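Take a look at the structure set out below.
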Amino acid sequence: MNDPKKGYSYCMSKNILVSVAWPYASGSRHLGHIGGAYLPADIFARYNRMIGNNVIMVSGSDVHGTPITVRADDEGVEPIEIVNRYHAEFLSYWEKLNIQWDNYTTTMTDNHKEVTQEMFLKIKENGFIEKNKSIQAFDPKENKFLPDRYVEGECPKCNYLEARGDQCDSCGITLDPEELINPKSKINGNPAEFKETEHYFLKLSALNDKLADWLNTKKGWRPHVINFSKSFVDEGLQDRAITRDLDWGIEIPDNELGDGKKIYVWFEAVIGYLSASKEWAINNGTPEAWKDFWLDKNAESYYFVGKDNVPFHAIIWPAMLFAYGDLNLPTNVPANQYILIKGEKASASRGVGKTLNDYLDEWNPDSLRYSLASILPEQNDSEISEDEMIRRNNEELVAAWGNLVQRVFSQYINNFDDLDTTFEYEKIDEDLLEGAKNCFITTGEMIEKVELKSSLQNVMAYVNSINAYLNETEPWKVIKKDKKRASAILHCAITSIDACATMFTPFMPTTSKIVSDAIQKENQNSWGINEIKKGAPLKNIGHLFKKFD
Ligand SMILES: [Zn+2]
């Protein structure tokens, strides 16, 4: 399928849906969240667009859910005020960091409500949603039922003391409030009681075998994702209530439960991937185009989420898709482990340290993207301080790549009048260019397997080989006695730098474009080595990155 001389060329482009976790519009995000989901998704999507695939990358702000109402209660404002504030803040992150969405929306749209209600009704018609009695946490003092996130207590599995009614943030298991040890109401800290109430349930137990079979067909998933998912299903799935006693949420269609109940957020938020795809198609003037991603059996879908979201994306969302019928299931859920930025503020309002906005304002976006991409927690939790990020910027990005571009460009520009384009390449030059061709292939293969950290290291290793080539060939000395040979070396170095700029584009789109645009070419491969115009002037681009003191 690919010709290493020309780079990749596909007979047919693939339809690829890049789905990214929906952030709750309940508070500022962290740099760790960006590295955990948004940046890797953007790198993956940009690469796939470059090689000619038909890509949509979708997500949006999750405006329902109790994190938002909890915060609104704390501040004494309406939930919509919280939602508008943080949705606007999230949009500023994407702009500052060059995250390129095809549709970044919210769960507040009429479209999302319609898609959710249609899905609810069809799953119900297919027999996988039914009414049932459940025991629900109740706050006797407030005289109301408590949604999961309004209940806190000790995790029955790991004994973490601040586990929530829906999930334990420490060990990652999903929970029901009655499983907590010493459950308390988050409203007033009093012990929660449990009373019977009626709700709609998703019959996950009836989908257990289908999910187990499907997970067994999955190859190439990250070990922590597939192992967690399989053991979760092996333990046997329990039916889960998908409605709650809430005012803030999407109305239940054909509601037979009575007032005061809404569709619960975990059921509708994952439907956002489908509703955002449909909204993208409508906005694009091609209302049927979402089908290319959801009905075409050759289409692929990738869900970029943090590890706390694995149950919802590798089990519950696939279960809902099975229950609905016809729609494509996830191709891969390349969930990341946690990334902790030492010294980052836990929230915008308290504590010392920096917020995400501080980082976004102080750092060149490509430097920040590089530093984060070089430590993506693809297999294990990772931890980094700003000092270490600065070291990676200064010693890797600036010293290896930025200085290489600077050094070769200035030699070429300063000696431009002496260049002799009648040169022929020697073996060492051919070897360097052969290295670029191989690097395109191996880097592309790694990105396709969502091994993004390794793919970035792979390109950096090639950058280092260009530096080694220059140290060996020493064009700055050769130019004094052999202009033709020096011209060959500089031409070869610029060809390989241009190749790096192409390969760095998914990771560092802005600076890569500056380098690429400065070099005149005979052709423009979207993912492959280019033939550089011999003897053409180079544009002076100055320093690409700032070195931190
Ligand atoms: Zn736990």
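Yeah, the Cβs are placed from backbone N, Cα and C, and that goes for glycine too.
TrEMBL: automatically predicted annotations, no manual curation.
The following features are taken from TrEMBL:
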DOMAIN    16-408  domain 'Methionyl/Leucyl tRNA synthetase'
MOTIF     23-33  motif ''HIGH' region'
BINDING   CYS155, CYS158, CYS168, CYS171  Zn(2+) binding site
DOMAIN    429-530  domain 'Methionyl-tRNA synthetase anticodon-binding'
Taking all protein chains shown into account, the Cβ-based neighbour count within 10 Å for CYS171 (Zn(2+) binding site) is 12
Residues lining the Zn(2+) site besides CYS155, CYS158, CYS168, CYS171 (CB within 8 A of their CB center) are PRO156, LYS157, ASN159, TYR160, ALA163, ASP169, SER170, GLY172, ILE173
Fewest C-beta neighbours within 10 angstroms among the binding-site residues CYS155, CYS158, CYS168 belongs to CYS158
Mean per-residue pLDDT in the motif ''HIGH' region' (23-33) works out to 91
DSSP composition of the domain 'Methionyl-tRNA synthetase anticodon-binding' (429-530), residue counts helix/strand/coil, works out to 78 helix, 1 strand, 23 coil
Secondary structure of the motif ''HIGH' region' (23-33) by DSSP, residue by residue, totals 3 helix, 1 strand, 7 coil
